[in-house]
Amino acid sequence: MTQDKILILDFGSQVTRLIARRVREAHVYCELHSFDMPLDEIKAFNPKGIILSGGPNSVYESDYQADTGIFDLGIPVLGICYGMQFMAHHLGGEVQPGNQREFGYAQVKTIDSGLTRGIQDDAPNTLDVWMSHGDKVSKLPDGFAVIGDTPSCPIAMMENTEKQFYGIQFHPEVTHTKQGRALLNRFVLDICGAQPGWTMPNYIEEAVAKIREQVGSDEVILGLSGGVDSSVAAALIHRAIGDQLTCVFVDHGLLRLNEGKMVMDMFARNLGVKVIHVDAEGQFMAKLAGVTDPEKKRKIIGAEFIEVFDAEEKKLTNAKWLAQGTIYPDVIESAGAKTKKAHAIKSHHNVGGLPENMKLKLLEPLRDLFKDEVRELGVALGLPREMVYRHPFPGPGLGVRILGEVKKEYADLLRQADDIFIQELRNTTDENGTSWYDLTSQAFAVFLPVKSVGVMGDGRTYDYVVALRAVITSDFMTAHWAELPYSLLGRVSNRIINEVKGINRVVYDVSGKPPATIEWE
């Protein structure tokens, strides 16, 4: 089936892939390519329109230039943040450093235009947006008009109606920009005229064919954690190659309470996949002893996983591939985007935590999907809701939820505290009868390797502290902390302190992403 397509040129923003997610939400197929994609390849791709992403650099840096021939293709172009500056700079306008960096919420005053007509927030002709820029356009190119401004950014939006070129100095792809989807839909559906035809069933068909082509008759090992990503990856790969897939469930001593039994029962009942259960707690704990640096912990856990998989591979006659449930937020936070320009934040177990001498080839069928797309894919593959809508769990498990050195004692305490938190979230509902577990996107406890003084009965205690973390997000690239009811937090705190011997204080994390990441390590 021939589909209308949008091309996104990536200049290295941490949130570039959210643009692709928003376009896909409109059921329009899109691909994200490096900013230096050759013009002949762009022509061959034959997009209905082009979106230029944001990025951390200046238009005056020669290493970050796209082929300006894109402005001669006769198709609409939308520049976002750096993309707007690139457009202005190369079409005869001027870009200069701002007097102050603008980061966070801003209100843009708009005028009626092809891009903004009928789109506004609470006040007439205003948009509540998310800014993140230093440089700004100071002079318009010929043929352009200002269609939006802020007090510190007089040219916050611009357009050339004749050529259908548009520039916006904010990020419509992040959820903080309330009308961001509406603006992107206006560009993609109305201005570009793209017809919606991209659906998850179509994606499954293409992904299954690609997996079969990649793998051939080889056998595949998948590291099964029981989380959403590895579960959906297993279902998709099993759909493609059946019994060529063997799942390896590694109990590294850093799992949630009773997780081993739950995972084995769930997959035996729901997927019919071959699953090997490996008890490797002693091996992992020995390697992690004395290690406090989070990056080193991730690398060690990744390396030990490979050791386990290598051992299992020797038992299979034709194993050539290691499958993982890597999704795009894992990749972007490790600066693993195709441009290699995004600023690195931390390595991920599924990306930068793997050793270079790995003996198996990597199969990552979910690598370009966002979390909500992965869930949608899981439902389309026939997985039960209890599996698909389970909160994410990191590959290194509790190893990155125990700050500092990992010890069995700490893991046992954290497991109990985390289970109490999740129980109470499941058992508490809002006024509409929806559980707080379903209302939050991810929730967990974090073990802090510090002790605090407390009083229980008539005695003094000196025990450990746990932090509770709950966030709400649609894409895991940005997130708000969940405003849980005080009564719920109080019950969780009371239960943990009374039921988990060794913990006497509970705190709640009220940090958003950005500036914090969702996990503490």
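Yeah, the Cβs are placed from backbone N, Cα and C, and that goes for glycine too.
The shown structure was predicted, so the numbers you read here are calculated from the model rather than taken from an experiment.
The domain 'Glutamine amidotransferase type-1' annotation in Swiss-Prot covers 5-197 and is backed by sequence analysis. Per Swiss-Prot, the feature active site, nucleophile maps to C81; the stated evidence is sequence analysis. The active site annotation in Swiss-Prot covers H171, E173. Summarising the annotation, Swiss-Prot assigns domain 'GMPS ATP-PPase' to 198-390 and lists sequence analysis as the type of evidence. Swiss-Prot lists S225, G226, G227, V228, D229, S230, S231 with the feature ATP binding site.
Recorded features from Swiss-Prot, shown on the structure.
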residue	record	Cβ within 10 Å
C81	active site, nucleophile	27
H171	active site	25
E173	active site	31
S225	ATP binding site	26
G226	ATP binding site	19
G227	ATP binding site	21
V228	ATP binding site	23
D229	ATP binding site	23
S230	ATP binding site	24
S231	ATP binding site	29
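Counting only the Cα atoms, the space from C81 (active site, nucleophile) to S230 (ATP binding site) is about 35 angstrom.
Cα spacing between D229 (ATP binding site) and E173 (active site): 23 Å, rounded to the nearest whole number. Reported as a whole number, the C-alpha separation between G227 (ATP binding site) and H171 (active site) equals 31 Å. DSSP assigns E173 (active site) to coil in the three-state reduction, outside any helix or strand. Sitting within 8 Å of the Cβ centre of S225, G226, G227, V228, D229, S230, S231, and not among those site residues for ATP, are the Cβ atoms of L224, V232, A233, G325, R390, P392, F393.
When the Cα of E173 (active site) is compared against those of the binding-site residues S225, G226, V228, S230, the shortest separation belongs to V228. According to DSSP, S231 (ATP binding site) is assigned to a helical segment.
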